[in-house]
Ligand SMILES: Nc1ncnc2c1ncn2[C@@H]1O[C@H](COP(=O)(O)OP(=O)(O)OP(=O)(O)O)[C@@H](O)[C@H]1O
């Protein structure tokens, strides 16, 4: 009985929430088999998820439980699974591979001397962590980060980690498109950790830098120093880990570092442009390990958040930005926060240059080129119209649930064109095609890509459509 009630809740919540929300908060909940009669007892894997669910979703869960036919006396209780900590403390198995041979050092010296080691340290930037704080951008703080629905989960998780590093949300994996605040959030945690403890060893680096440092350490025979340094950190923040894809030796080294830090209770934060499972060329064991802590998505900000970000950035620069001017910019620049910032910079520069106050007119003038370019940009509506016309079907067929090949294939073509030619995110595209899930859009993009290789017809169709839409 509790199972069927809870299944009803899950099904409803899955259709009501975004996939990220559902996967982060609802999917980890388990029904407690030890519950009392008349009780739906749910167990969260940790305190963080428990309190978030309790704040944001509990009232809806209670409604759904009633809707599923539970008696009036049925209580819904939420706890934390007893073994939740054990999960994070489990013994990490020894790596299941043999260390690769290290390339011999190309050097005039027969063996590295102690001065080589110092130089090596400096070269690979591992010397006593002297630079570990310099790499943090002090502007990227929590105070300067604007909260919105699109980044709420990431921000809450980052705040928790700043309070309690190395706790249950280790590693924190933040993923999402470009310019959406992933790096900012990661630095905000680092800055907060250093504010609390100025001696904390916090290292931020881009994954390419990790790879380059490791290669140098190998060349200089300083890999042990490299290892020692990384393992001595209190927190390791690595940006854009999609660059590890295909780099086997780096993945191997990172795997060791990752395990050592996790076991030592040191905090790891990673960012990526996509969900861990979707990184091609990344070893399975890394993918699965990335999911051990908390995985959160940041999404493109919605209009209100874009306005709030602009207002905050203007205030920080002591610039008077009227609300209607901010609104105008936010309405036009929708792709990401970095572009929003760039637009604001242009407006401010123009205001300084001409000595005029900022208003909608000045914004329009300052962003003339950008807006003209945007007007030329293809919209999803446009894609749907052109694709429907091309395949002689109705636009409504593209929104419908019909699965016949004559409709499903054009729909997939239209989705993949929307991904390619617009700035819309996968969930936004899914929404525009009759409220479909973002994974459906992803599947469509992959399908069309592989069909383009196999079928001359599809190649021809997509080429024609491309031309119709862009010229
Ligand atoms: N919610 C926000 N509030 C204030 N500023 C933000 C917010 N989100 C992003 N920004 C700003 O937008 C710019 C881009 O953000 P950031 O570099 O963190 O993006 P990113 O997601 O890491 O992108 P990339 O994948 O390209 O590295 C930064 O200047 C950052 O301060």
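For all residues, glycine too, the Cβ spot is worked out from N, Cα and C.
If you check TrEMBL, you get these features:
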| type | residues | note |
| --- | --- | --- |
| REGION | 1-110 | region 'Domain I, interacts with DnaA modulators' |
| REGION | 135-351 | region 'Domain III, AAA+ region' |
| DOMAIN | 168-298 | domain 'AAA+ ATPase' |
| BINDING | 179, 181, 182, 183 | ATP binding site |
| REGION | 352-471 | region 'Domain IV, binds dsDNA' |
| DOMAIN | 379-448 | domain 'Chromosomal replication initiator DnaA C-terminal' |
Under 8 Å by Cβ from residue 182 (ATP binding site), counting only residues of that chain that are 6 or more apart: 154, 174, 175, 176, 239, 271, 298
Non-site residues, in chain order, whose CB comes within 8 A of the mean position of the CB atoms of 179, 181, 182, 183 at ATP: 176, 178, 180, 184, 185, 271, 298, 337, 338
DSSP three-state assignment for residue 183 (ATP binding site): helix
Entry from the binding-site residues list 179, 181 having the most other CB atoms no farther than 10 A: 181
Other C-beta atoms that fall within 10 angstroms of the C-beta of residue 183 (ATP binding site): 19
